Amino acid sequence: MEQFHIWFSQVHGSGLAEPNAMILSTVEPSGAPRGRTVLMKGYDSSGLRFFTNYRSRKGRALDVEPRVSVVFPWHQMARQVMIMGGVERLDDEENDRYFRSRPRGSQIGAWVSEQQSSPVRGRAELDERYERLSRAWPEDVEVPRPAYWGGYRVHPVEMEFWRGSPDRMHDRFRYVLVGGEPADGTWEVERLSP
Ligand SMILES: Cc1cc2nc3c(=O)[nH]c(=O)nc-3n(C[C@H](O)[C@H](O)[C@H](O)COP(=O)(O)O)c2cc1C
Ligand SMILES: Cc1ncc(COP(=O)(O)O)c(C=O)c1O
């Protein structure tokens, strides 16, 4: 994660829009892959965090197969980072802390989208729910975190750092965890052919 920190700091400092947007791929119970964008909400030596609805399609997929692939597509910087690893749910304390930091509208949105990824009759149904819930929690009352809403920590076991070069002569470095935990384990580094 030290190398990730160096790159993320550079990308973050470059003014690139949504540098923390990452494509998160999960494995469906059928075995099919499925990707979507989520926002990384912090990282440390043990991995990175993102938040979602545990009942969503990805949440249900992770209940069955708690492994993911993550891609940071930093095109404007001619860089890409891929991270593969297992996930675990964050604890209530970490979930509450993050949920409290969100804008009130997004907190209410999490209640509106209780059934994230399920079909709805129309936009009106969602807007009505939003209005009703906004009235239910007056401004001075804290919106509670729904039990089904929280985060995951991705524990990398493999990471690849890709840097684009002319003539498709790109630099690729693969880090593989060969023993121990991501934070203090041993990582083997190899250069890959572009
Ligand atoms: C830039 C961007 C950031 C997003 N961030 C999140 C996020 O952090 N958490 C989340 O649940 N959905 C996020 N979404 C929506 C997801 O891409 C996706 O539509 C949603 O999580 C449902 O996915 P699922 O049906 O595969 O579970 C984001 C979408 C975009 C385009
Ligand atoms: C449905 C949903 N949940 C969660 C997030 C995470 O970001 P935030 O906590 O900043 O809303 C996003 C970001 O786009 C989102 O679309």
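Glycine is no exception: its Cβ is also placed from the backbone N, Cα and C atoms.
All TrEMBL annotations are machine predictions without curation.
Per TrEMBL, the features are:
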{"type": "BINDING", "residues": "36-41, 51-52, 57-58, GLN80, 116-117, TRP162, ARG172", "note": "FMN binding site"}
{"type": "BINDING", "residues": "LYS41, TYR98, ARG102, SER106, ARG168, MET169, HIS170", "note": "substrate binding site"}
{"type": "DOMAIN", "residues": "16-125", "note": "domain 'Pyridoxamine 5'-phosphate oxidase N-terminal'"}
{"type": "DOMAIN", "residues": "149-194", "note": "domain 'Pyridoxine 5'-phosphate oxidase dimerisation C-terminal'"}
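Shown on the structure are the features that TrEMBL records.
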residue : record                 : DSSP (3 states)
ARG36   : FMN binding site       : strand
LYS41   : substrate binding site : strand
ARG57   : FMN binding site       : helix
ARG102  : substrate binding site : coil
ARG168  : substrate binding site : helix
Other CB atoms, at most 10 A from the CB of SER106 (substrate binding site): 11
PLDDT averaged over every residue in the domain 'Pyridoxine 5'-phosphate oxidase dimerisation C-terminal' (149-194): 96
Secondary structure content of the domain 'Pyridoxamine 5'-phosphate oxidase N-terminal' (16-125), with strand meaning DSSP E or B: 33 helix, 45 strand, 32 coil
Sparsest Cβ surroundings (other CB atoms within 10 Å) among the binding-site residues GLN80, SER117: SER117
Maximal Cα-Cα distance (Å) across residues annotated as binding substrate, namely LYS41, TYR98, ARG102, SER106, ARG168, MET169, HIS170: 43
Those residues of the chain, 6+ apart, with a Cβ under 8 Å from that of LYS41 (substrate binding site): ASN20, ARG49, PHE50, PHE51, TYR98, GLY151
Contacting binding-site residues, sequence order - VAL38, LYS41, ARG57, SER117 vs ligand 1, Cβ under 6 Å: VAL38, ARG57, SER117
Proximal residue to SER106 (substrate binding site) among binding-site residues ARG36, GLN80, SER117, ARG172 (C-alpha distance): SER117
Cα proximity to HIS170 (substrate binding site), best match among binding-site residues VAL38, MET40, GLN80, SER117: GLN80
Contacting binding-site residues, sequence order - SER117, HIS170, ARG172 vs ligand 2, Cβ under 6 Å: none
Of PHE51, TYR98 (the binding-site residues), the residue whose Cβ has the fewest other Cβ atoms within 10 Å: TYR98
Binding-site residues (ARG168, HIS170), the one with most neighbouring Cβ atoms at 10 Å: HIS170
Packing count at ARG36 (FMN binding site) (other Cβ atoms within 10 Å of its Cβ): 14
Listed binding-site residues (MET40, MET169), ranked by Cβ neighbours within 10 Å, top entry: MET40
